[in-house]
Amino acid sequence: MTNIRKSHPLMKIINHSFIDLPTPSNISSWWNFGSLLGICLILQIVTGLFLAMHYTADTTTAFSSVAHICRDVNYGWLIRYVHANGASMFFICLYVHVGRGIYYGSYMFMETWNMGIILLFSVMATAFMGYVLPWGQMSFWGATVITNLLSAIPYIGTSLVEWIWGGFSVDKATLTRFFAFHFIMPFIITALTVVHLLFLHETGSNNPSGIDSNSDKIPFHPYYTIKDFMGFLFVFVILLTLVLFSPDLLGDPDNYTPANPLNTPSHIKPEWYFLFRYAILRSIPNKLGGVLALVLSIMILIIMPLLHTSKQRSMMFRPMSQCLFWMLVANLLTLTWIGSQPVEHPYVLIGQLSSMLYFTIILILMPLVSMMENKMLKW
């Protein structure tokens, strides 16, 4: 008799995706982050569902409902902080996942890569809307500033902003619709993730060497299930340490003050995982220019396959490209720091130089260095 996992229509899909999936034998721990993102997504959906049971999307009660969750609901504080810090873990995994894709040339799987970019946009939008829900000072002013960026769009900008707000300012209508979208988006993200995996399994996984691995594949289970489980444990320990010892470490103290449209915080800034984008936005003194730079800083990922001039797929054997890659990482960390600083000298100048360097490395230096490496290898 055939094994049920190989004959049952539903089990067969799971079997081909997670059990008997032929996987390159040499993929490193950098490949763990895809499965970690899946776990983060499940964790966010579960904790978010329980939070939604007690949260009220109304400007008069939103802030106090979050306080009620922390004080009166059984383990409400735990659910709330796992959700808030889970978002941070989500973005750490997301950025490492994208970084690994750039380093090892995974962007050459065009469909998977483009689907991943759509997922990145979706997760960013969801996180932004979630940050507005506690209705603290930073929630309110963050929503006001970021949605206001759309007013930079010529001709339709102002109408578009008022349409999103549902009025002439961020108010009850805005909060209600943000809650509705924040609730539905994770399920859309789950569906997009299935498509992302579908495209990936059409081609099979890339590997650190960047060369075809069809001659050397091993089953996903038990080799990579046990390896992924090790990754889960690491992330779980870090998340729990954060939640139980310093749950507000990555948050903003201003968000413990109820939203007040008449009082602007001295320094409006988004969550830490958006700070480098925010620094790029601020580095251009023109509103439309800043918005364009912000959008292009993410959209630039789409043209990654077109900028690939090397004869080798991976950076594993390309030391000059490796140096550039780590320069890019250091530059993004600098931008993250700049985004958290006030708009004054020398932060403005450092931000402008770092923003310029970000685009220069990706658009000019990486393709040029790849061509130089080809020449050095007489290819």
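Glycine is treated like the rest: Cβ placed from N, Cα and C.
Under the heading heme b b562 binding site, Swiss-Prot lists His83, His182. According to Swiss-Prot, the feature heme b b566 binding site maps to His97, His196. Annotated ubiquinone binding site per Swiss-Prot: His201, in sequence order, evidence recorded as similarity to another entry. What Swiss-Prot records for 33-53, 77-98, 113-133, 178-198, 226-246, 288-308, 320-340, 347-367 is transmembrane segment.
In this structure, the binding-site residues under consideration are His97, His196, His201, and the one with the smallest number of other Cβ atoms within 10 Å of its Cβ is His201. His196 (heme b b566 binding site) carries a helical DSSP state (H, G or I). Beyond its flanks by at least six residues, the transmembrane segment (320-340) meets 99, 102-103, 269-270, 272, 274-280, 282, 310, 347, 350-351, 354-355, 357-358, 361-362, 365-366, 369-370, 372-373 of its own chain at Cβ-Cβ distances under 8 Å. For the transmembrane segment (178-198), the most Cβ-contacting stretch among 77-98, 113-133, 226-246 is 113-133 (pairs under 8 Å). You'll find the Cα of the residue listed as 'ubiquinone binding site' roughly 29 Å from the Cα of His182 (heme b b562 binding site). The distance from the Cα of His83 (heme b b562 binding site) to the Cα of His196 (heme b b566 binding site) comes to 24 Å. Less than 8 angstroms from the CB of His182 (heme b b562 binding site) sit Gly48, Thr126, Met129, Gly130, Leu133, each of them six or more residues away in the same chain.
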